[in-house]
Every structure is written in C-alpha cells, then in structure tokens.
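Quick notes on the structure that follows.
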C-alpha cells in the first residue's frame with residue numbers, strides 16, 4: 001500500500017525513491033511484522049487463556065511428560081502470525097502483484113482449515129480434530145485453484161515446469177502433472193510443518209530460516225540480471241515475494257518470543273498449516289520446489305520419520321524409532337527439550353546455507 005501511496009510522489013521528495021526497492025520494503029515488512037507480534041502478543045495470549053480453560057488437548061500417545069508440563073498452555077497462537085504477516089504484506093508489497101494475492105490465499109486458506117481443526121480439538125476435547133480426509137480434500141482444492149491461476153492466468157509459459165538445482169539447463173515440462181505436483185509441494189509442506197510443531201519453538205525456527213532463504217531466492221528469481229547470472233528461472237514479478245517472506249520472518253521472530261521454551265502459547269494447526277502452505281507456495285512460484293526440500297530439510301526428515309515408523313510397523317511389526325516424529329525419539333532417549341530444539345535449528349541453518357549454495361553451483 002505504501003508503494004502505491006508514496007512512490008508516485010518521489011519527484012517531489014527524493015527520499016520516496018526508497019519505496020521502489022524490494023530490499024527496503026522487505027526490511028520494513030520484517031520490522032512491521034515483528035512490532036505487531038510484540039504489541040499484540042501479550043493481549044492475544046491473555047485472550048486465548050480466558051477462552052481456553054484447559055488449553056490445548058495433549059495427545060495421550062505422546063511423551064508422558066507432555067501431559068504434565070504442557071497441559072494448560074493455550075493454542076491457536078498462529079493467529080498472531082497470520083495477522084502480522086497480513087498487515088505487513090499489505091503495507092509494503094505491490095498490491096497489483098498476483099503472486100502476493102495467491103500466496104495470501106494459500107496461507108489463509110490453510111490457516112482457516114487449521115483454525116477449524118484447532119476449534120474442533122478444543123470444543124470436543126479431541127486431539128485428532130477434523131478428520132484427515134476432510135482436511136486433505138480442502139487443502140487439495142485450495143492448491144488446485146492456485147495452480148490453475150498460475151498456469152492459465154499469471155504466466156502460462158513459465159509455470160508447469162520443474163527446474164533442478166545444480167544442473168543449469170535441466171528443466172522438465174510437467175504438463176498436466178503440474179497440478180498434482182503442486183498439491184504434493186504445498187499440501188506436503190503444510191502438513192510437514194504441522195508434524196514438526198511438537199516442541200516449544202521447534203517448528204517456528206526452521207520456518208523462519210526457510211522464509212529468510214526464500215526471501216533471497218525470490219528477489220533473485222524476479223530480477224532478470226540476477227536470475228541470468230545465477231542460471232535460475234526468471235519469474236517476472238517474483239521479487240515481490242521477498243516482502244511476503246520478510247513478513248513471515250518478522251512474524252515468526254516475534255512469535256518465537258512467546259513460543260520459546262517453556263512456551264506461553266502454541267501456534268496450533270492454524271499457524272503450522274498456514275506457514276507450511278506459505279513456504280510451499282513461494283517455492284512453487286519461484287520454481288525452487290526441490291530446493292525447498294533441501295532448505296526445509298528438517299520438515300522433510302520429521303515427515304519421513306513418521307512414514308518410516310508406520311511402514312516398518314505394518315510390514316515387520318517393529319518400530320524403527322522409539323516414537324515418531326523424530327523429535328519425540330530424542331525426547332525418549334533422554335535429550336532435554338531445549339537441546340533438541342536448538343540442534344534442529346542448527347541443522348536448519350546449515351540446510352538453508354546448502355540450499356542457497358545451489359543457486360551458484362551450476
């Protein structure tokens with residue numbers, strides 16, 4: 001909004017030239033989302049505590065200590081992230097950019113599903129919430145609508161292709177398979193972040209690092225000279241996604257203030273599903289889906305641990321891990337919760353750097 005209001009007057013006041021720069025608006029989006037999180041966080045936590053007498057229902061099949069230590073902690077704190085991201089993005093992004101509206105649609109669509117799921121858990125005291133098939137169907141419909149818009153409205157010639165990291169000219173035309181591929185990327189990422197959100201601050205840290213990395217990728221992909229130099233797909237308009245990613249970074253950092261161990265609030269499905277969908281959408285729109293699997297490797301590992309655990313038990317009747325997702329395995333091995341969280345963050349930072357390195361290694 002500020003771009004449309006202020007930049008047209010840069011001839012009268014040269015300082016308004018700043019608003020043409022994506023880097024400046026990205027930094028301001030980070031600070032705006034961070035400020036909103038800090039200001040609204042305490043009020044929202046008090047409000048959630050008053051509405052949720054017993055806090056988030058704790059899974060009975062999880063680690064026993066969670067029943068004691070985490071009981072009574074309010075959930076649905078992800079609404080704070082959504083508000084901060086929305087306001088910061090609307091203030092600092094170009095509102096004529098279709099990528100902004102499509103990423104917001106994915107984020108808030110998945111956020112709405114997560115909100116419903118959280119509400120079901122609280123109202124009916126059922127940790128399972130909305131049936132999995134219902135969630136998957138709704139998520140799929142949202143992603144298909146976004147994929148159709150990208151393919152037939154935004155840029156038919158650009159979307160529908162899969163670019164491989166490291167290999168400069170290796171691009172595959174997915175054709176009709178672009179649509180199920182989009183579902184795998186966005187729905188998969190949304191649920192992977194949700195699976196990871198099992199310890200205080202565990203999911204929000206890697207989500208923040210992934211968003212920061214994709215802010216750089218988006219800026220490069222939307223700048224012809226940068227994209228040409230790096231040998232990555234040039235996506236006209238994608239640089240505005242850096243502002244959206246910046247808003248996620250600021251909102252995540254602000255939320256972490258309240259979610260760090262011991263957490264005052266949990267993000268809930270409303271936050272985890274929304275963040276995952278946001279990251280998956282940005283990866284799809286910048287054609288860096290495979291790089292997302294590297295940068296968001298913590299989410300991939302957590303998801304694979306669940307798949308391996310279930311498959312192993314069904315096939316041979318034995319479990320590979322003491323408990324899945326993987327962070328629970330380390331809990332049962334006696335690792336302190338803060339140690340697990342920080343080590344997963346360290347791994348996430350390393351993977352983000354590796355993912356960014358693939359931009360240059362061609």
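Cβ coordinates are placed from backbone N, Cα and C, and glycine is handled just like the others.
Annotated features in Swiss-Prot:
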type     : residues : note
TRANSMEM : 26-46    : transmembrane segment
TRANSMEM : 73-93    : transmembrane segment
TRANSMEM : 95-115   : transmembrane segment
TRANSMEM : 136-156  : transmembrane segment
TRANSMEM : 170-190  : transmembrane segment
TRANSMEM : 201-221  : transmembrane segment
TRANSMEM : 238-258  : transmembrane segment
TRANSMEM : 265-285  : transmembrane segment
TRANSMEM : 290-310  : transmembrane segment
TRANSMEM : 339-359  : transmembrane segment
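Taking Cβ pairs closer than 8 Å, the transmembrane segment (265-285) reaches residues 44-45, 48, 56, 73-82, 85, 99, 102-103, 106-111, 113-115, 117-118, 129, 139, 142, 146-147, 150, 182, 185-194, 196-197, 203-204, 207, 210-211, 214, 218, 235, 238, 241, 244-245, 248, 252, 255, 258-259, 291-292, 296, 299 in its own chain, all 6 or more past its ends.
Ranked by number of Cβ pairs under 8 Å to the transmembrane segment (238-258), the listed stretches 26-46, 95-115, 290-310, 339-359 are led by 26-46. Only residues 6 or more beyond the boundaries of the transmembrane segment (26-46), in the same chain, are considered here, and those with a CB under 8 A from a CB of the stretch are 74, 77, 79-81, 83-85, 87-89, 91-93, 215, 219, 242-251, 253-255, 257-258, 264-265. Here the transmembrane segment (170-190) does not lie next to the transmembrane segment (339-359) in space: the count of CB pairs under 8 Å, restricted to residues six or more apart, is fewer than 3. Within its own chain, the transmembrane segment (73-93) is flanked in space by residues 1-3, 25-26, 28-30, 32-34, 36-37, 40-41, 44-45, 48-49, 51-52, 55-56, 100, 104, 107-108, 111, 114-115, 118-119, 121-122, 240, 243-244, 246-248, 250-252, 254-255, 258-259, 263-272, 274-275, 278, which lie at least six positions past its ends and keep a Cβ under 8 Å from the stretch. If you look at the transmembrane segment (201-221) against the transmembrane segment (95-115), you find fewer than three C-beta pairs under 8 angstroms, all six or more positions apart, and that falls short of contact. Note on the transmembrane segment (339-359): residues 165-166, 199-202, 205-206, 209-210, 212-213, 216-217, 220, 230, 232, 261, 291-292, 294-298, 327, 330-331 of its chain, located 6 or more positions outside it, place their CB under 8 angstroms from a CB of the stretch.
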